[in-house]
Structures are given as structure tokens and as C-alpha cells.
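Structure, as C-alpha cells:
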Amino acid sequence: MSICYLFVIYHKSPCQMTDLLYTEKDLVTSLKDYIKAEENKLEQIKQWADKLDSLTLTATQDPEGFLGHPVNAFKLMKRLNTEWGNLESLVLRDTTDGFISNLTIQRQYFPTDEDQTGAAKALLRLQDTYRLDANTISTGNLPGVKHKSHMTVEDCYELGKIAYTDVDYYHTELWMAQALKQLDEGEESTLDKVTVLDYLSYAIYQQGDLERALEYTKRLLELDPEHQRANGNLKYFQFQLEKQKKAEEDETGTQKERGKRETTEKKKKKPKSVSGHQIPERKKYEMLCRGEGIKLTPRRQSRLFCRYYNNNRNPRLLLAPIKQQDEWDRPYIVRYLDIISDKEIERIKHLAKPRLRRATVHDPQTGKLTTAQYRVSKSAWLTGYDDPMIETINQRIEDLTGLEMDTAEELQVANYGVGGQYEPHFDFGRKDEPDAFKELGTGNRIATWLFYMSDVAAGGATVFPDVGAAVWPQKGTAVFWYNLFASGEGDYSTRHAACPVLVGNKWVSNKWIHERGQEWRRPCGLNETE
């Protein structure tokens, strides 16, 4: 069976998840075989029991008369000496060998506790980024889903528990409340309300809401009056509430006195002007992922066009110009349509799948590739030596961009599963990172070319938080932008991110093009931001 490489730290790629589905299917088949063997064994035992039940019923009605028949006497000896022994062997016969053996073999491919925690955190990350309430996720009502999946009370409880272990009381409350809601609605579960209420009340207390924490603690004690921890919490919460109320009363009195003095002073002072509110990058990133906060005005939109493009009459493009459309004006981002065929996409995926590893980023301190928590995907690198088609694709990029590909990095193929993302980052090395690409010896990353090799049901946009731009995946297209100005200075507006995949599976491949070899193809500009 084909199994992709095990995942590290956070997620398994969709390729690996697909293999796990087939692993589970194989185990179910093996389990059914075991059940069938057990049922056959029990059927034999039942037939034996029914036969002897009838025989002993007849025999015990007239024991002496029954044993007076020599054949009956012989058969009794035979049964007790031989047949009961055979029955014992049948009962003790182990039919689990095949199933246990298969389970042991497949266990090496099973996810670890770390994998399960990573999957849970991915779900919580999606919940925050796309502002989904727990009930929407639990009922499976996500945009673009083909196969709805309902979460059980146990599933919700497990998510809440993982958040609790991570000291994330906000998500603990959300998922314990959802588990309680489903229990209140009558869902059957091995979990009881007392266990859920215990976590829920404590999570709410940790967030400073004493009144609600007390309310849930009282509800817990109605179900289990002897609950030791809840009884202790009840007294503590009541004491803290009294203390809080007294402090608020004292503060109110002080504020009234202070307010009289401040009113007089305010009359003498002019009000201060309020500076513009700066939205944090994380919030801008999440807004753009949801399709909010895009800053393209109608006037700017009117300056964006589409065209047939041959890059100044490039010989390879003269007879078959490429459809090009403007996606954004500053930084200038263009999209090429129908630029990679389905056949090429499948070939690239076929070559990449066995090589998929946890995606890496350049460490600005060492200049070396390393894994990072902010990039959650699997990637592989492909060259022309792997398949001549890769060289054809590289030539196509060169024809369209006019840039030298010999100094570019290899084609990187990335696979983002559900929750897979790449948080805001620059592709180029900044001035405070002089060794960012020292090992390559080809200068800074002058430009980025990004192929979209799949459509994504929901999520997965490429967003530029500083300028409010969002580019959505469209299979068979590619986007291109310059990371450096013609002067060689970095364009900080190209800071971008890959939004988490909410539903579906995202395949991309990218080419990072470097400065060396571009001296005559993109001459240096005299202006720093030209």
C-alpha cells in the first residue's frame, strides 16, 4: 500500500489523509472478517448447546432407563471424554490473529497524539479566521461542503479538552458549551453533563465572568450535590463575587467625587484630537481571508484590464498569446489564465507526492531552509532532471516574464490541507537579513511566480494585508509580481499570506526568481521605488 511520509508537528497533507482513509477501510474489512469468524464459532457452539439441551432434558427425566441403553452409556462417556474437550478447544480458539496482525502492521501509519492535537488546533484556527460559531462547525454547515459530517458530544468535548490543556479558556468555553447544548437536546452520549459543566464553569471563571461561572456550578450541583470540587468552587465564587461587588461600590463612590473635579477641569481644556485607529496585521489578514476589507476602489478597478499577451512579440507566444489580467495595481499583480494544463498539473502532483515534506522557509539568521510554525503545508522540489516537462514549464515562465530561469530556485510544489496556511511574510530578504540567500549565491528574490493547481471550495486565498488585496485560487492560472523595485530595494507592499483552507484541498507550485542574470533583462532603476 502506498503511504506518504509521516507529517511533522501540525498537519498531514491531503495525500497522507487519503492514504489514512484507505488504511481505515482495510482495517474495517479485517474487523468484519474477525466478526464473521466469531459468529461462525458462536453458531457452532450454539448448535452444540441446543443439541445437548434437548438430549439432557430427555435423559434426566429417566436417568436409569436412559443409561440402561448401552449406546447411550457409550455416547455419554465419549461426550465427556472427547467431545467436551473439542468444544473447549473451539471456545478457546483465537480468531483475532488476522485482525490483530493487520492492526499491528497498520498502526505504524496511525496519527500520533501530536497529530490529533494539531488537527484540533487547525479547526480552532479556522473557527477564528472565518468567524464560525461552534454550532455551525458541529452541524457541518460549512460553505462548499459535499460530505456533511456531524460532530458528536464526544468530539466537541475533545476539542474543548485540547483547548483547556493549551490554557485556551476561550475555546474551552465555546466547545464545552456546544457539548452541553447537544446533551441538553437529547443526544445520546457516554459523557455526562457533570463532566462537561465542570470544565465549562472553570473556563468561564478563568475568563473573569464570576456570575456565569457560579450559575453553571449551581447547575452542576443540582445534578451531583456531592461533587467535591464544585462545592468548593461554589463557596469560592460566592466569596469572590461579594468581594467584587464591594470593590465596585467603593470605586463608584470614588469616581463620583473624582468626576466633580474633572468636569470643572475639562471645561478649561480643549479636547484632544483622536488619531486614526490602526488595525493589527493579524486582524487585516483574517478579514481579507473572509473577503472583507478589500481596498480596491471603483476608480482603481477601472484601471485594471485584461489582454492577450505575447511579451513584446516573443517568438513562442506570437501565434498563441496568453490571456493576462490585472489583479492589483500597487503592487502590480497579474494573473495568467489557462497557463498550465490538467495533464501537466497531474504529472507535477504525481512527481511531488512521494517527496512531500513539511514545508520550509529561509531562516534570516542562518540563510538555511528550516520548518516554521507559521507555515503549515507540505512541499516538494522538482527540477528538469525529474521530468522534461518541468523544463518546459520553466521556459514558459521565462517567456512570459522575460526573466532568466537558470538562477531561479527549483519549482516548489505545495499541498495545503484543511487548516493549511502560510502566515504574513516577505519572499525577499530585507536589509537586516544580509545572509537570507547567501547559500544560493544568486542574490535576492526579485519576483514570485505562483501556479494555482486546484480550485478550493472555501478559503485558501493569497492576501496582501498591507494593501488590502486578495487573490483567489483558480485552477490552471498563475499570478506574478515583483518583490523588488528596479533599484533592487524591497517592495514592502508585497508582504503576503496564504489563508487557511476551510473546505477542500489546495495545490500550488511556485518559482522564486533571483537577481543574478537579470542585469540586462530588468535594468536597474535610478529611483529607489521605481
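Cβ coordinates come from backbone N, Cα and C, glycine included.
Here is what TrEMBL says about this protein:
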COMPBIAS  247-265  compositional bias 'Basic and acidic residues'
DOMAIN    407-515  domain 'Fe2OG dioxygenase'
REGION    247-281  region 'Disordered'
REPEAT    194-227  repeat 'TPR'
Can you tell me which parts of the same chain pack against the repeat 'TPR' (194-227), counting only residues 6+ beyond its ends and a CB-CB cutoff under 8 A?
153, 157, 160-161, 164, 169-170, 172-173, 176-177, 179-180, 183, 233-234, 237-238, 240-241, 244
Please spell out the DSSP helix, strand and coil residue counts for the domain 'Fe2OG dioxygenase' (407-515).
3 helix, 51 strand, 55 coil
DSSP residue counts for the repeat 'TPR' (194-227), split into helix, strand and coil:
27 helix, 0 strand, 7 coil
